[in-house]
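A.B. asks: Quick one: the structure is below, and I'll ask about it shortly.
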Amino acid sequence: MPEKTIQEEIQTIIPELFPILEPEFDWELVKNFYDFLKRDNEKGGFFSKNDSEKILERHILESLIFVWKLKTTGYVSRETNVADVGTGPGLPGFLFAVLKKAPQVFLVDSQKRKLALLEAEITTGSLSKVKKRVEFIYARTEEISSNFDVVTSRAMVPYPYLAEVTTRMVKQKGILCPFLAQPYQDLEKETEVLSNNGFVLKKEILIPELEFVGKRHIKILQKNSLPKKGYPRDWKEIVKETKSKNG
């Protein structure tokens, strides 16, 4: 029996949603990215042993649906520049680059071990087709000053402190889109952190399509003003507060 294509594998997992996703992405690139993650996983230390057996559903598919949600809700287009912080081997950020109508993508990570392998694959390997629309930034997020339309992150800094770490990266009226699991319960603290760093909560996008891996949602945080005086704080102060909040 011939091996299943990546489209067939994904259709088995999400049979009702796949016909909607299929026309949005370049599936040859999706397959090549999946193959890269499997091939270089041990070298790059991309995933835990348990997750290494679930790369397609827990990482590729989860990221594809995140990207699709932001595109279909109008937050990402060909004219957008998107920065994905703490991207590791390009998750979820690289999947923006495999949209048929792809934005300009900036992959950000201070650790070169994982991301440099993806850069090599794009430069001279199976992902060279996206070379002109993907750029790499090896720097600490809190040290980057830029003007990105959209900044995304899956698991770099606990929410809502991601807003403080990334505020210098997001342009005025730009958006920060954390990809989150369980809802954040301390609404007073959320409002305080967002307000101190110039953000307001514009929208929350639930992702019932990902219930097979757990609860997932996206916050749409719009940067409406400059941070208040004294913000963003030093990285050590932010870390200290996140640890105290998490007990």
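Heads up, the Cβ atoms here are built off N, Cα and C, so glycines get one too.
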A.B. asks: The S-adenosyl-L-methionine site in Swiss-Prot lists GLY86, LEU91. Which one of ARG39, ARG140, ARG154, ARG168 belongs there according to the record?
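C.D. replies: Candidate in the recorded S-adenosyl-L-methionine site: ARG154.
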A.B. asks: What number of additional C-beta atoms lies within 10 angstroms of the C-beta atom of LEU91 (S-adenosyl-L-methionine binding site)?
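C.D. replies: Excluding its own Cβ, LEU91 (S-adenosyl-L-methionine binding site) sees 27 Cβ atoms within 10 Å.
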A.B. asks: Would you list the other residues of this chain near S-adenosyl-L-methionine - those whose C-beta lies within 8 angstroms of the C-beta centroid of GLY86, LEU91, ARG154 - in sequence order?
C.D. replies: ASP84, VAL85, THR87, GLY88, PRO92, GLY93, SER153, ALA155, MET156, PHE179
A.B. asks: Could you state, as a whole number of Å, the largest distance between Cα atoms of any two of GLY86, LEU91, ARG154, the listed S-adenosyl-L-methionine binders?
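C.D. replies: Among the residues the record ties to S-adenosyl-L-methionine, max Cα distance equals 9 Å.
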